[in-house]
Amino acid sequence: MTEPEITPELIAAHGLKPDEYQRILEIIGRAPTFTELGIFSAMWNEHCSYKSSKKWLRTLPTTGPQVICGPGENAGVVDIGDGQAVIFKMESHNHPSYIEPYQGAATGVGGILRDVFTMGARPIAAMNALSFGVPDHPKTAHIVKGVVEGIGGYGNAFGVPTVGGEVRFHRAYNGNCLVNAFAAGLADADRIFYSAASGVGMPVVYLGAKTGRDGVGGATMASAEFDDTIEEKRPTVQVGDPFTEKRLLEACLELMASDSVISIQDMGAAGLTCSAVEMGDKGDLGIRLQLDAVPQREANMTAYEMMLSESQERMLMVLKPEKEAVARAIFEKWDLDFAIVGETIPEDRFLILHGNEVKADLPLKALSGTAPEYDRPWIETPAAAPLGAVPEVDPIEGLKALIGSPSYAHKAWVWEQYDSQVMADTVRAPGLGAGVVRVHGTPKALAFTSDVTPRYVKANPFEGGKQAVAEAYRNLTAVGAKPLATTDNMNFGNPEKPEIMGQFVGAIKGIGAAVAALDMPIVSGNVSLYNETDGVGILPTPTIGAVGLLTSLDELIAGQPEEGDLALVIGTTAGHLGQSALLAEMFGREEGDAPPVDLEAEKRHGEFLRANRKLVRAAADLSDGGLALAAFEMAEAAGLGLTLTPSGTAALFGEDQARYLVACAPDRAEALQAAAEAAGVPLQEVGRFGGATVTLAGASAPLADLSRLYRRAFAEAIGG
């Protein structure tokens, strides 16, 4: 088959800039073959190389006594005691999910699950953070329904509980939705599997499903902006099969138990290319691949197609040669392909053979270690203008504006499509705050949350970055968990625009400050740039996934308020309305500065709540919508009315940070007040739970009416 001529148009279609192509010529001393061009394109794109973000990612705190393995592997590994580890990561599948919502979201779930089990962990929990355009945009309902069905279809069939996440709507996502998928798994701390190859002449083995043409060029597509050719990109979206993935999980865990594996890597972005290069690079070895041995489900596939296919449910392994028969038998038992497709070599070469031809012969290190790295120009986001006057609102009307918005309405329509109970270890299902999953066969549990407020990040990237981490810290604390570590999913627009790069830099600095102060190191993550359509970028959305530990379920704060319980706020209320949910939903204003985050207060208030958990019946962090929304959500979930005494829009709807709402039995309130005074922590009684009416500063409405609005608004907004 004749390969196309390498032209400037072909180079540009592969996402390579002229200076990058010039660098390729210098590295290999000749024009690349078509397959080599595809390999460089895949390895040097933003999605795989992090060429615009590497400089700043290196500044993040990534270590701590609890960290077994930080960024650089498939997922982060954190010690949870008793010889056990939690392995977790969050990753985006934004571009594919906009083009083909069901498969884009489904394969996002599949990919993140493989990142976890390729390290030897059995997945125990999933979350997803979703950002969509406004409900009345012509594409939004189709995308929402497809994405949610795709997540549910894959996760439910695979058999992992979805225990949390978030859903937001904003016009900035009209042309570019965000689908950030999180997975966590459990492994023995001394049985973690890594991706670095070792040993010369070791067999390189292909595992799992067959290779097709789906997803060819997917990684390159994920590093580009969208324009009016978007429909042409549909073939670059992968197709997933959760039942194959389930078999792959079981086969891999059985294989790992047989002591057959030297190293293993899932085939994700850029498929066979990226997995082989990463294994060789980390092990300082070359890799030779014979593509005739690759299991194929389509006829006449070219070397280019096989190297860049992103067909799902595939792994690459370096095998102990004496274990070939054992390993092959395991994969045959699970009805999965097992094929020796190459070997490790001592030279720094990535050698690709197909038929009797050499299709690629490249210096392997040049594909990863010497990939371009940019110090993009950036400008600091200017300080937000002071917030103008905000009219006083009827508190009930303000609450209705929030609970009637799909961003803050009850999300049962979403999570009822997800299985949150499979594996029978879910202690706290999606709904309010962090999800909690029991560590099977132990007294321990793990808590999971995902958080970011993009409006804050746009107004003030540094404070917005801090706030995403602080809110995750509070959500874990509010269920009684000690925060352990974080994963970041950095979703931004075009980094070649200095103002966008400035948002990224500011957010990284804020995240770094917060994870250091709160002892929640970043152990894994993902960067998704070029989230723009026709030059219009998304809101900067640095999603933080976080994991916390309960050493015993006795530490869990899982109750609901009861009739007559007091409502108290831990922390200081100053009434910050800048960039608040109320301002956006009721007045259509996104103005003012983001709320400042006092990290020392966050730590002190969180430690206070965990130390006094036995005195409270329920807890929630105060964030979007302030006291009024948090108190309503807590009361409504318990089927109770509510009376709040603070008056004024700012006191009820302000979004000051480092605050928690707690429900406390009246006979325990005095002890909690005494503990707060002793700890120097502000604690204010703000009302009472009970009855069948919601009363905010004297304005009232029946709980039943508000509950009906709250529980119907989401489905009505998207025509569900």
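Using N, Cα and C of the backbone, Cβ positions are placed for all residues, glycine too.
Copied over from Swiss-Prot:
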| type | residues | note |
| --- | --- | --- |
| ACT_SITE | His47 | active site |
| BINDING | Tyr50, Lys89, Asp488, Gly525 | ATP binding site |
| BINDING | Glu91, Asn526 | Mg(2+) 1 binding site |
| BINDING | Ser92, His93, Asn94, His95, Arg114, Gln238, Glu310, Ser311, Gln312, Ser528 | substrate binding site |
| ACT_SITE | His93 | active site, proton acceptor |
| BINDING | Asp115, Asp266 | Mg(2+) 2 binding site |
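Mapped onto three states, the DSSP output places Gly525 (ATP binding site) in strand.
Only Asn526, from the binding-site residues Asn94, Glu310, Asn526, place their Cα within 10 Å of the Cα belonging to the residue listed as 'active site'. Of all the recorded positions in the list Lys89, His93, Asn526, the shortest Cα-Cα distance to Gln312 (substrate binding site) is found for His93. The binding-site residues recorded for this entry are Arg114, Asp266, Asn526, and the Cα of Asn526 lies nearest to that of Lys89 (ATP binding site). Rounded to the nearest whole angstrom, the C-alpha distance between Ser92 (substrate binding site) and Tyr50 (ATP binding site) is 14. Within 10 Å of the Cα of Asn526 (Mg(2+) 1 binding site), the following binding-site residues from the list Tyr50, Asp115, Glu310, Asp488 place their own Cα: Tyr50, Asp488.
Annotation for the binding-site residues Ser92, Asn94, Gln312: lowest Cβ count within 10 Å of the residue's own Cβ, Asn94. Only Arg114, of the recorded positions His93, Arg114, Asp488, have a C-alpha within 10 angstroms of the C-alpha of Asp266 (Mg(2+) 2 binding site). Summary of the ATP site environment: with the site residues Tyr50, Lys89, Asp488, Gly525 set aside, the chain residues having Cβ atoms within 8 Å of the Cβ mean position are Leu57, Pro71, Met90, Glu91, Thr487, Asn489, Met490, Ile522, Ser524, Asn526, Val527.
For the pair formed by His93 (active site, proton acceptor) and Asp115 (Mg(2+) 2 binding site), distance between Cα atoms is given as 14 Å, rounded to the nearest Å. The most densely surrounded of the recorded positions His93, Arg114 is His93 (count of other Cβ atoms within 10 A of its Cβ). Taking every pair among Tyr50, Lys89, Asp488, Gly525, the residues recorded as binding ATP, the greatest CA to CA distance is 16 Å. Within 10 Å of the C-beta of Lys89 (ATP binding site) there are 27 other C-beta atoms, taking all protein chains into account.
Under a cutoff of 8 A between CB atoms, and with a sequence separation of 6+ in the same chain, the neighbours of Tyr50 (ATP binding site) are Leu57, Val527.
In this structure, the binding-site residues under consideration are Asp266, Glu310, and the one with the smallest number of other Cβ atoms within 10 Å of its Cβ is Asp266. Counting other Cβ atoms within 10 Å of each Cβ, the binding-site residues Glu91, Asp115, Asp488, Asn526 show the lowest value at Asn526. Whole-number maximum of the Cα to Cα distances across the substrate-binding residues Ser92, His93, Asn94, His95, Arg114, Gln238, Glu310, Ser311, Gln312, Ser528: 21 angstrom.
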